[in-house]
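*Asks:* Would you mind keeping the following structure in view while I ask a few things?
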Amino acid sequence: MWKRWLALALALVAVAWVRAEEELRSKSKICANVFCGAGRECAVTEKGEPTCLCIEQCKPHKRPVCGSNGKTYLNHCELHRDACLTGSKIQVDYDGHCKEKKSVSPSASPVVCYQSNRDELRRRIIQWLEAEIIPDGWFSKGSNYSEILDKYFKNFDNGDSRLDSSEFLKFVEQNETAINITTYPDQENNKLLRGLCVDALIELSDENADWKLSFQEFLKCLNPSFNPPEKKCALEDETYADGAETEVDCNRCVCACGNWVCTAMTCDGKNQKGAQTQTEEEMTRYVQELQKHQETAEKTKRVSTKEI
């Protein structure tokens, strides 16, 4: 009995093998002139027609490649098969495992003195000086606003009849309320902010652009009736208001008191030393370009004002 079952089983195996051979020959014949592309293979439909389907299984040979999607594949076939299955375009970036990419996030904004900071410092200085005004008495002469300014100017001038930024800062530091601008959480940045705002005040009335104030320029800067103009930053034929930001690589530039101020971070790259040098040069050129746009805009504005 068992011999009959064995013979029947062998017969069924033989039939299946013959059919498989026939299907393989038929598939080879039908798909002979069909090209399906990477990640696909030709298959025969129930109607006996050729069609292209995603490869069912790749050969397990190990030759890792890194795809353009940042994923490592066992071999080229697996990469193209994944592209077919997901319907996405994936190319071989390079041979071998994908290297971990260092994420470079934009740096924090640079420490800057905005127009609001500058104007607040100026308001506090004027308030302090006005509090020292002494009206003339019956038998004594008081001190008016100009005389008080003259007194401080002479006290902090080093003898050249000009106040530079360090002398101006020493003058402002005489009043703790005036100098106590605390925009940033740490004292180091707030100290830097004070110096930047002093520079911004000097720029307000520095008519000959020597970064020093004569007494007349000093008087104009702190004149209570003087309204500081709102300056904007220029870039690519556009003007940007105080506080506007733009990014270049991993650095951030901020418009402050009419000037672009940028961070000076170096971005990670494959060649660290070369990447840093290149980035620094690019950053310098970029800031120079920003300032050039600003100078052009200022000249155009002055010409337009004269024509009016």
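Using the three backbone atoms N, Cα and C, a Cβ is placed for every residue, glycine included.
What you are looking at is a predicted structure, and each value in this text was computed from that prediction instead of being measured.
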*Asks:* Choosing among CYS84, CYS98, CYS113, which residue does Swiss-Prot name as bonded to CYS54 by a disulfide?
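*Replies:* The record-listed partner cysteine is CYS84.
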*Asks:* With reference to Swiss-Prot, which of the candidate residues CYS42, CYS52 participates in the disulphide bond with CYS31?
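*Replies:* Matching partner in the record: CYS42.
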*Asks:* Of SER26, SER140, SER146, SER165, which does Swiss-Prot mark as phosphoserine?
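*Replies:* The phosphoserine feature in Swiss-Prot corresponds to SER165.
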*Asks:* Summarise the domain 'EF-hand 1' (144-178) by DSSP state, stating how many residues are helix, strand and coil.
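*Replies:* Per DSSP, the residues of the domain 'EF-hand 1' (144-178) fall into 23 helix, 1 strand, 11 coil.
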*Asks:* Cα-Cα separation of CYS66 (disulfide bond) and CYS77 (disulfide bond), in Å?
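*Replies:* Each residue's Cα considered, CYS66 (disulfide bond) and CYS77 (disulfide bond) end up 12 Å apart.
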*Asks:* Around ASN175 (N-linked glycosylation site), how many other CB atoms lie within 10 A of its CB?
*Replies:* 16
*Asks:* What is the interatomic distance between the Cα atoms of CYS31 (disulfide bond) and CYS52 (disulfide bond), given in whole Å?
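*Replies:* It is 10 Å, counting Cα to Cα.
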*Asks:* Of all the recorded positions given, namely CYS98, ASN144, SER165, ASN180, which is spatially nearest to CYS58 (disulfide bond) at the Cα level?
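*Replies:* Closest by Cα distance to CYS58 (disulfide bond) among the recorded positions CYS98, ASN144, SER165, ASN180: CYS98.
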*Asks:* Based on Cα coordinates, which of the following recorded positions are within 10 Å of CYS36 (disulfide bond): CYS77, CYS84, ASN144, SER165?
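*Replies:* Correct set: empty; none qualify.
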